[in-house]
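K.L.:
Submitted below is the structure of interest, expressed as structure tokens.
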Amino acid sequence: DKAPLSKSLLLVPSAISILLTLLFQHYQKFFAYNLQAIKQDFQIWRLVCGRTICLDLKDTFCSSLLIYNFRIFERRYGSRKFSSFLLGAWMLSALFDLLLVEVAQYIFGITINSLPSGFLGPVFALFVPFYSSIPRVQVAQVLGHFSITNKTLVYILGLQLLTSGSYIWILALSGLVSGICYNSSILKVHRILCVPSWVAKIFSWTLEPIFSSAEPTNEVRVGMGATVDIQRQQRMELLDRQIMMSQVAQMRRQRQQQGGMINWNRLFPPLRHRHNANYQGHGPSEQDTPPPTEVSEEQVARLMEMGFSRGDALEALRASNNDLNVATNFLLQH
């Protein structure tokens with residue numbers, strides 16, 4: 001839910017990779033990441049085909065599992081910002097691939113004519129925000145010294161993908177460097193390599209209905225028979241919610257120090273009690289109701305890209321005086 005881009009990256013390249021391996025092997029040559037053909041014959045189209053579809057099923061399996069685990073970033077940032085990160089990492093890693101191949105040939109005398117195919121550069125780039133922003137939750141401890149966390153399996157998958165080919169370390173290094181460059185506030189790459197809003201709207205109208213999933217109507221409590229992976233995911237989401245609540249509390253303290261106190265109970269009664277069966281529809285009095293605030297349509301669109309409805313986005317922005325961070329944190333918790 002709320003990750004259509006991750007779902008499309010999980011299904012479409014994997015299906016094409018399986019078809020190329022089992023049924024259409026004579027077409028695999030068109031998806032080879034051949035650097036010699038790119039540099040000498042100017043076959044630029046190989047940058048698109050060779051850096052999108054994996055020709056090795058082991059790489060397809062590992063990269064698909066990693067994309068599934070990294071879907072949390074699309075839920076956090078929205079599909080447009082997530083696609084901008086993937087686009088920027090894809091373009092930067094293509095440039096770093098060519099540079100690293102030239103450096104390897106100049107320093108070590110290694111001539112590299114081709115690299116492993118697939119959507120590997122952006123996948124390795126996603127390890128940068130995964131390392132810096134996802135909290136660690138200890139699950140178990142081995143031999144009293146080695147801790148196993150909720151992030152251990154993802155790192156193991158990345159290590160397995162790193163050891164699947166001879167020159168895949170070039171793709172891994174270029175992906176990590178591109179992820180660092182895109183996240184860096186000094187280089188400001190995220191302002192240049194981003195998906196325009198009109199392009200995001202076109203894909204939202206055409207592809208999102210195909211790959212979107214229905215929102216769960218209710219949450220079923222997982223009992224004692226749940227798997228360990230589900231329990232780890234629940235602990236991870238619980239810690240993530242606690243961190244967001246602490247951010248809201250910190251913003252509230254800052255507003256109180258500045259003299260403006262936010263009364264969430266007064267400002268957000270429709271959102272708090274919308275799904276409460278005991279809510280009788282008694283809203284705040286006219287004297288307590290604050291005057292309506294003009295809301296920026298751009299901020300409403302950004303919240304709707306994250307998966308919130310237009311009504312919730314309007315109420316949250318009006319109550320928070322168009323503070324997008326406060327409105328986002330509150331909607332994520334309610």
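Going from the start of the chain as shown, residues are counted 1 onward.
Cβ atoms here come from the backbone N, Cα and C positions, even for glycine.
The domain 'UBA' feature in TrEMBL is assigned to 294-334. According to TrEMBL, the feature region 'Disordered' maps to 275-296. Among the features that TrEMBL reports, transmembrane segment is placed at 6-24, 85-108, 114-132, 153-177.
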K.L.:
Taking contact to mean 3 or more CB pairs closer than 8 A (sequence separation of 6 or more), are the transmembrane segment (153-177) and the transmembrane segment (85-108) in contact?
P.N.:
yes
K.L.:
How does the domain 'UBA' (294-334) divide up by DSSP, counting helix, then strand, then coil residues?
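P.N.:
Helix, strand, coil within the domain 'UBA' (294-334): 29 helix, 0 strand, 12 coil.
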K.L.:
Cβ under 8 Å to the transmembrane segment (6-24), counting only same-chain residues 6 or more beyond its ends: which ones?
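P.N.:
Same-chain contacts beyond the ends: 31, 52-55, 57, 60, 64, 67-68, 70-71, 74, 82, 118-119, 207, 210-213.
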K.L.:
Looking only at the domain 'UBA' (294-334), report the model's average pLDDT.
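P.N.:
Here the predicted model's pLDDT, averaged over the domain 'UBA' (294-334), is 75.
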